[in-house]
Amino acid sequence: MLLRVCSEKRSAPRVRLKSNNGRIERSSWLLLAVILVVQTSANRPPRFLIDGQTEIVIRLKEGPDTPPGSLIYRLKGVDPDGDTLKFGIREQIGSDILRLEAISSNEANIYLVKELDREASEGNFVTQSFLLLVEDVNDNEPIFKPYPSAVTVKEDAPPGILATVEATDLDEGAYGQVLYHLQELDGDVENFAIQTVNGKGVVRLTNQLDYERKALYQLRILAVDRANQGRINTGTAAILVKVQDIEDQPPVFVAVSPVTRISEDAPVGTSVLQVRAIDGDRGINNRISYSIISGGEDHFDIDSSSGIIYTINPLDREDPQNSNGAYILEILATEESRTVSPHPSTNTEVTIIVTDVNDETPQFRSERYIGEVLENAQQNTPITFLQDAIPEVFDYDQGKNGTFELFLDGDSGVFDVTPYRGINEASFLIRVNDASYLDYESVTVMNFTLVAKETVSKDPKLRLYLHPVSGVITVKQPGGDSFDRELISSHYLTVEARDDLGKGNRNTAQLIINIEDVNDNAPIFLANKYEARLLENEEQFEHPLMLEARDIDLNGTKNSHIEYSIIGGEYKNNFSIDPNLGIITPVGQLDFEQIPGDNSNIRPIHLTIKARDFGSPSLSSTVPVTIYVQDVNDHVPMFTQMVYKRSIPEDMAGGTSVLEVKARDADGSSPNNRVVYRIQRGASDKFVIDSITGIISVAKGSSLDPDKTNPKSKRYTLTVVALDGGIGDQQLTAAVLVNITIVDVNNKPPVFFEPGTITVKENIQVGTVIYHVEAHDPDEQPVLRYHIDRESSVAKNEEGILVKLSEYDYLSLWDLNAVDGTLRVVRLIDREKIETIKLVVIVEDMAAIDVGPRQTASATLTIMVEDENDNNPKFRKPFYKCSITENSKTGVNIATVIADDADKNRSMSYYFEGPEEITNLIHIESQTGEVVVAAKIDHEIYPWINLTVKAVDSGVPPRYSLVDLYVQVLDENDNNPYFEPGPVEYKIKENVEPGTAVARILAKDADSGEYGKITYLLDRISTQGKFLINAETGTLTVSDLLDRETQTFYNLVIEAWDNYQFGYLSGESRNAFKQILIHVQDVNDNAPELHLPVDCATITEFHNWREPITSLRATDRDDNATPNGRVQFHIVGGKGHEMFRFEQVGGDANTGRLFARHSLRDRYGNYTLVVEARDLGVPANIARGELRVCVTDYNDHAPVFVHPPQNVTIKVPENATIGTTVVEVRAIDADIGANGAVRYRLRQDAAGGWRAFSVHAGSGAVRTAARLDRDKQRAYQLRIEAYDLGIPTPLSSDLDLTIYVQNVDGYKPHFPEKKITFNMTENMRPEESSVYLPSVIERDEIDRGDEPLLPVCYYIVKGNENEVFELQKDTHRLTPFKPLDREMIEEYSLLILATEDCAFRPSYKPETDSASTLQTIIKVLDVNDNPPKFVSSIFTGGITTEADFGLEFMHVKAIDPDQGENSKVTYYLIGEVKRTLTEGLENLAVSPFLVDKDTGAVTLNFDPQKGMKGYFDFRLAVVTGAVVNVDDLRVHENKDGSVDNTKTDLYMHLVNGNDHSVMEVDQVLQLIDKNIEQLDDLFKEFNVLDTQAAEYQPLTAETLGSNQTVFWLVWTTLFLGVLLILSLMVCLSQRADYARRLKAANATAYATSTPGESDMTIRSSGGRVPNTNKHSTKGSNPIWLHAYENDWYKSEDQLSRSERDSLDENAVDQDPSNEKPYYITTAAFPSIESTETEPQNNHSKYSYYQQLEQVKNVKNMETTEL
């Protein structure tokens, strides 16, 4: 509320002015009086224009809402005289807050000069012309009145009031009303509460307090005004609540050593430890007394006052009653209270461990051991102990004190004991060491002593000296064995101190001297050797083979950490050992057969195991391990054949051999590989097998005749099993099937199955099979044939008289199939002629053996012929026809039917056949055949009665005949017309054309003629002129246009009349009526009408998308029950149409509701949707309109700070000037408009630190507003509020910043070193290669105050452009993103920048940031991850027969990109060097070449002699497996005669590497196609496009053709030319011969270029070099000699040239003084040029084709282009 206070005395009001720096000053000022100064010559005064008001009232808000310089009012005045007006301010106190500025002759503006403060004003004095009201803003904090700062409360005090506080606020209204809140420094406020009562804060205790839990509470009372918007001001008051202790807690132990050690030889009275307890009520602190209530009462006692525990009896660690040297004492502490009874007490437990001294000797479990051993026992055979002896030895001492060694005394080396050393307890084994002394005939009993001897002295002396005055303890004698940690690791001493020069009071302290370990003990294996048995094919030992070595150095250190490894043994790679556990396991399964050895089943493998510790220096020891690999029967016997088959005759005699089976076993020892045979099943006692040889023979006395076996067996499938010598379950077997087929011998006659008697009907169908004669022959493949014996067969008639064949050929009635015995009827049988037939059938085996009588058999078949009724009755007429009128009386005669029968059965019966409803109308007498009327007959139903009369005789089966009976029924007019059943409702579309047929109405009349003719009539009234009917056909048609919207249906009445033409007027016509309903169907001829709202449908962005936005309606005059009248709504366009959808209302088809498809949050705006109303008719009618939807924004997003992060600390130098920008905060708001407009302001804190800074409301720039003084305040906690301008409720969020004032002597973090180097191994996983960078030096020594420790972040600012490394800025961990590759980059140089600015990635400035950088060098260590690669895929070279043994004639070279030892390459010659087509090299028993493993030099390993001929071949990438020989290399020439450099043909042949035969062309092409993938790289290197067979193509007549004349002219010219130069050739022959010899003498052997060798190439010769197979290239043979005897595959031209190419014959005599052979190095072909990076001379780029141009005798051939 704005108040206007007027002073009665009209004194000047006082207000409080705010200076620009924010400090409040008090002064008084006068609210302005506006004075009008008039310059006029008239006497009328001017006046203000104030709209008839008596005063001017202005309301202004104080503070920044009305800043200085604001225009607050415009004055207007008028002078009746028209003079110029002058405005001014009366000079009063405070009039300086306003400034007046004239803008015209009668107007002036009033400006505010200083800031307003309402609280400084006691009232507003207003003159008669101006009133200024200052509106209050919330700019004052609540201020507490004096209150008690401390309150004391007993811990058992009940809840109640503790204190009352009051705070006042100078603001008015809600801004001046105060509410109180309570806080506690540690957040412990559940025991207190505060209430606001009458403006005061009443602090209450709500729960009982506990002094022991918390003795002091620091309460903070917040007084907060009730501002409902804008900032909220808070005042703070602190109250200290002290809790007064009461006696309610037991004592508490504060000094208790849970575990204490004391040596077992400590004297009685030695102090062990001291416990101390205090009163649980720390505010009272009563005296405590101590006592032992359990444990160790016989050995320990405690001082009741001091709590010192001391010994009272001697100690023995080995005493079984002390829990292995440990005593657990329960100590009771009792409080001596004066007020509480019984006295409070508490207890605790302490453990006293008695440490060991070497006071026990080793002991055996048994006093005496008796054992036995066989005299032929092998070495390492253990002795068997008898009489329940326990082979164990023990020492009750602990650790090294319990270490002992075992050895034998008096056994003369015959036995040894294992292990030879033990600790505390060990089981031992005595084994044979020298078996040669075990001879029962020489000695039967051997006595010797088993000794267990300690290795540590019993009484080690501690050689320490204690200075009696200074108390310094020194070692008496350094070095030696004064201290042995393995003997005693800790020395427990009790040091006594006495005052008065050793005569006064004393006190003791326990001193523990721990001996640090040094690596002075090597690991010792518990056994001097280890043995284990490993079964073949097993991946684990029969018993786990665990080696154990012990290192008595300090456990848990590198000195005692043991690692096991296998260092020796031929098969060491087949086993692995766990480096930590010492468990040896096979790497894989071992194959006994692959281990050399004899036929025994045990083969040993010897390994050497090393155990080493990690001490410095590392110590180690070794032990032999023998692994006995035992053969396992793992190979199944294998038969030589999968199946054995044999056929034998059935009469084979017993004992005859049938066949032999053979199986082999691949096991390596006997009896596993010994095989025996047996028949498992299938022999049926007919066959036996020899178990050793596997021969199967016929069992003696057995018959193989299948006919004599039961069941009959023609084939025997024997399962023969081969068993090896395995024992029990380990025995392996293999089975094979032996199929023995018994071949039949035909030696038995057939046998008939007795046929018996059969019955046949007399008229049986011809071809019917009446019987199947069967006979059986025991033989396997009989050929049986059947026939009828005509002589023995007879027949009789019904009277039993024989019928002769001449009278009736009864045998011709049958046909007997000779092959299958099928008997068929071939003619009809007449029973009246023949009734009984006896046929004699004979069968004969046509496949019988030739020796002996015919194999036949006979049988008699009796056939009985049955009689059959085979004559039908016969009517006297073919049909019967008669008539009768309808409605005749019952019994009237209609007709009579009669039938006769030729059979003896002449009695007949007559019946009607037909529908029952017809047979009921007339009746026939069954005996006489008379037909009469039986019921009323209606013509309209039955105009004719057509029946079938059936006459049946009395035969069996009876026979019958049928005849048709036709009875005509004459008509009478006795029936009304009737309409045929049909639809009574019809549907027709409203748009049909007139004349369209609607329906055809059918009516019938049961009468005939005119009586049955129908005439149709239509009622005119019901049709309304819209329909017509055809009188004759009844077709109903449309006669006029229809409209469903006018009338939806028509009810028509139709009449049907019979005899209308002749009987309508005379009344002899009959009629019928029918009513039909015609529905007019709707047609979609009306468009929908869309009803859209006029205004915008407004929703908020938080509108529930599942609820409708608005509803739309549409009307359609078409039928709403059909799709034509139903309307659907669609959104077809408009802004944001994809965000909305329509949903039809279920109850109203023409109403749609608009929904949002999804949430509209953040989708605010105005949307104009194009809505389409579409009916469902076909075609559809459409109506469209625009629907406006307005989605309003809702202020639902609070501003979110995006920079800087929360709780970040920002440093500001102490000497920063006012206005210095500290940081720019930035927040974003997802809303729009005013809802998204973000403003910033500082929240006021109780400490007032916010006054030193200001924030720009728009930009968020935080600047200093006052000078900073680090000595007064080093850190400022600022809370910046970002708020939006949302309506109705603005939203805000806070950002907490810590502003730290830096000393002007600022510092930056810097590294202790400027450069550091790390090693990372290539190919390792990134997480394994990570390193941590060193920490920085964070502070200068001149500034070590309480400055907060800020995190230092590291960044890579240089050297990581390819992002190879990742540096975690907070953990300082440097990790590569992926495995490194040394071959790509060996070293990385990174520049690391350390900074305390972790919010932003810094930009590196060398001039200012170099002090905080660290150059990090990452060296990539090499691993052997690259195989060597030859510099060329093929190396070639050549030698002459003049070369010497050991000649180094060529080099091979391979490079390895690895480094150091990993890049060292060693060369080996793999496989044999094959020779092809050689002569004189047959006796060469060694490899012809040797390769130097270090240099790759190839030297000659034999001495070539004259007469040696041949060449050494090479293999093509070890793919084809054949020897490739290059025969010729040819080029093409262009039309102008120049060489075509784009084509080259290479002729070659391949030689089989096994038999040295030349392979056929088809085989070569198949071989190349098969290995095309492997040859792909080679083909790409030489640009090979195709491989084809080279064929000889003779010159044909087609070639001559039209050029025949030219051809002969050319040859004639050539012939004459030859004659002219013939004489010149003879003269030059000798000269050319010697020239070639001279050139051959200067030539060198062919090889690839090698550094340091001659740079001469083939090209220097100017022609072809002899002995190099025509310009040898990679892959050609290095030696090509002439005079081959098998040069059949060469052309004549090649043979002639090869004779000239022999180096041997053309060489001139060499100088005897120079014995070095000559050889050639060449790089003639660019395609095979070396990949070495050595400098090449100009000759290396010499074109190969330039050389070929010198060849003058190259032939043009049809070749494949390459």
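The backbone N, Cα and C atoms fix where each Cβ goes, and this holds for glycine too.
If you look up TrEMBL, you'll see 1728-1743 marked as compositional bias 'Polar residues'.
Look at TrEMBL and you will find 65-144 (among others) tagged as domain 'Cadherin'. Averaged over the domain 'Cadherin' (65-144), the predicted model has a pLDDT of 72.
Annotated domain 'Cadherin' per TrEMBL: 145-253 (among others), in sequence order. For the domain 'Cadherin' (145-253), the DSSP-based tally of helix, strand and coil residues reads 4 helix, 56 strand, 49 coil.
Residues or ranges marked as domain 'Cadherin' in TrEMBL: 254-364 (among others).
Look at TrEMBL and you will find 526-639 (among others) tagged as domain 'Cadherin'.
According to TrEMBL, the feature domain 'Cadherin' maps to 640-752 (among others).
Look at the domain 'Cadherin' (752-875): DSSP puts its residues at 4 helix, 58 strand, 62 coil. Positions annotated as domain 'Cadherin' by TrEMBL: 752-875 (among others).
As annotated by TrEMBL, domain 'Cadherin' applies to 876-979 (among others).
Annotation source TrEMBL lists domain 'Cadherin' at 980-1090 (among others).
Look at the domain 'Cadherin' (1109-1201): DSSP puts its residues at 3 helix, 49 strand, 41 coil. The annotation domain 'Cadherin' is assigned in TrEMBL to 1109-1201 (among others).
Summarising the annotation, TrEMBL assigns domain 'Cadherin' to 1204-1311 (among others).
Look at TrEMBL and you will find 1312-1430 (among others) tagged as domain 'Cadherin'.
According to TrEMBL, the feature domain 'Cadherin' maps to 1431-1565 (among others).
Residues annotated as region 'Disordered' in TrEMBL: 1649-1676 (among others).
According to TrEMBL, the region 'Disordered' annotation covers 1695-1743 (among others).
What TrEMBL records for 1606-1628 is transmembrane segment.
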Residue counts for the domain 'Cadherin' (526-639) under DSSP, helix then strand then coil, are 6 helix, 49 strand, 59 coil
DSSP puts the residues of the domain 'Cadherin' (876-979) at 4 helix, 48 strand, 52 coil
